[in-house]
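According to TrEMBL, the domain 'G-protein coupled receptors family 1 profile' annotation covers 45-294. Residues annotated as transmembrane segment in TrEMBL: 29-55, 144-162, 204-225, 246-265, 277-296.
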Amino acid sequence: MSALHHVDDHNNITSIVLTGFPDLKCFTFLFFSVLLFIYCVTITGNLFIIVLFVLSNILHSPMYFFISQLSLFDIILSTDILPNLLHIILHDGCTMSLTGCISQFFFFAHAEFSECFLLTLMSYDRYLAICKPLHYNSLMNPSICIKSLIIIWLLGLKMTLVDTISLFSLHYCGPNIIDHFFCDFEPILELSCSDTLFIQNQTLVIGFLCVIVPFILIVLSYFYISVTILKIQSITGRQKAFRTCSSHLTAVCIFYGTLTAVYLFPTKGELSILSKVLSLFYTVITPFLNPIIYTFRNKDFKKAIEKTI
């Protein structure tokens, strides 16, 4: 029996109500307009980076290859979250099927897990470029880059499937209201009347492997990068070395900063609105900022734009 039939036949609830931001009132149109603008810019900016990478030989290097893939993950994340969020704002909430809700979580989680792995790979790329420049071309050749990306997609898919299948295996008996603007794992889990202790422990392990371990590896990479940069004698050399990784470091700080903060705050009660605002940052604002962070004052992108146009 398929997962879809399992959900329909064995659950008391088959639809989920997302409340979104019920207290917007007179700010509804303004909030909707801002988010619509962000969505359009996010999709356009990230698509532009991907197209520019494909068309421009100047950008055919591992760093820009990874940036183009980051743009792809940001497009997936934005398309999964924002259109439904815009609908929620216009209609003061929305109703979606339980299957649709879990499916939204699947695409969200896959994009987030994969981005964690990709940011780790990008930090390793910067480590090789600064700490092992003589071995960079052999350790970051096109074949290795493509294989690494395939592994990232498969790892993200595997980890996400474990959580998704677990959610489909649960029994849901209500209530069917989620006080959020998208279907995250914990809010869906709270709707279940099954014993979720094993799944909660399983999720902690997955979170450790997909979020904490990559973060530790990123910190270690930048520790060695910092040590190497401090050994450079000239100020100009230090500045040049720092510029090669400053954009990535900024993106990592924004991504992990908001991701950590949202799971440190309670999702219920008076602080639920704070949790929603923080969630907006890593689901909406981060994909919007990434194209700006990686292209702003980047000479290679400017040259690529000039030659392409």
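Cβ coordinates come from backbone N, Cα and C, glycine included.
From a predicted model like this one, the values you see are computed outputs, not experimental measurements.
Just going by CB pairs under 8 A, the stretch in 144-162, 246-265, 277-296 that sits most against the transmembrane segment (29-55) is 277-296. The list of residues near the transmembrane segment (277-296) in space but at least 6 beyond its ends in sequence, with Cβ under 8 angstroms from a Cβ of it, reads 35, 38, 41-42, 45-46, 48-49, 67, 70-71, 74-75, 77-78, 81-82, 85, 108, 112, 180-182, 184, 247, 250-251, 254-255, 258-259, 261-262, 265.
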